[in-house]
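Swiss-Prot annotations:
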DOMAIN    7-125  domain 'Response regulatory'
MOD_RES   58  4-aspartylphosphate
DOMAIN    162-344  domain 'CheB-type methylesterase'
ACT_SITE  174  active site
ACT_SITE  201  active site
ACT_SITE  297  active site
């Protein structure tokens, strides 16, 4: 059941930021700010005294920073979801990914100066993330318990469609994705012999550090995708924030193509753009994976992947921070297999044995 209202605590060392966020998110009657604080110590104290439904926590603060406070909260096993506020710097990005490893459900970037703040924008982002998180917790479709999802009506089980060998793996994810992708990439074998193209909804300024972090945990090379570079096997390519990632053929090879055209489904990069480009270039020779995240980006394209004879996988509800995009894909009939995050690579390897490379 969604708390009504959702009781929020805001922790930031700037009084102005606390007031801005408090005023903005309470414009929605479903959210009520019950307390605010300015240090990590305040965070721990208010979490225990107020037992809020959600905490909005700044990364960088005096006395005790947000990372330390988050780590302490996790040790106390209070089970309160935390959304981090992170400045758009290299240090801020690295601290943010560490916070996600510690258990934060998501993050929202903020400018380094309060004078650059767009109060309405940051308020809308926080409201949507908070409400999407709680709404996802009351949706329990029966399919999520199945390993093999129901066949899509246009592509019945045992379809006559010719399924060609797999040439690429495409993964789309949003809220909860950084931690889930780290889990997936840590399990990819060094000799996977395929390129892996990733769209993670993430602001510009964070994706390069994120790709580096994935690379540190993976046996294959992982990098932020660059426009015009050749697509190589045993390499993961992460779409840059604020750029669509697509594929183009030239001289008998596949190449990365980035563009800054209009957002699709409210996102740039968009999972839909990547999957539709992969369908055009690889036809049925793709595995499409849709993972944790709010919204519907990629769900319609996953249906098209399955229609053309590609293989499709969704992360299950139990291991998703938000069962949103993947839920949409399942309900639309676009998903062939539903797996916990720890089993996605196992399923991919089974598909590769069945279909070849």
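Cβ coordinates come from backbone N, Cα and C, glycine included.
Fair warning: this is a prediction, and the values are worked out from it, not measured in the lab.
When the alpha carbons of the residue listed as '4-aspartylphosphate' and residue 174 (active site) are compared, the span between them is 21 angstrom. The two recorded residues, residue 297 (active site) and residue 174 (active site), show a Cα separation of 9 Å. For the active-site residues shown (201, 297), fewest C-beta neighbours within 10 angstroms: 201. The two recorded residues residue 174 (active site) and residue 201 (active site) have their Cα atoms spaced 5 Å from each other. Secondary structure by DSSP for the domain 'Response regulatory' (7-125): 56 helix, 28 strand, 35 coil.
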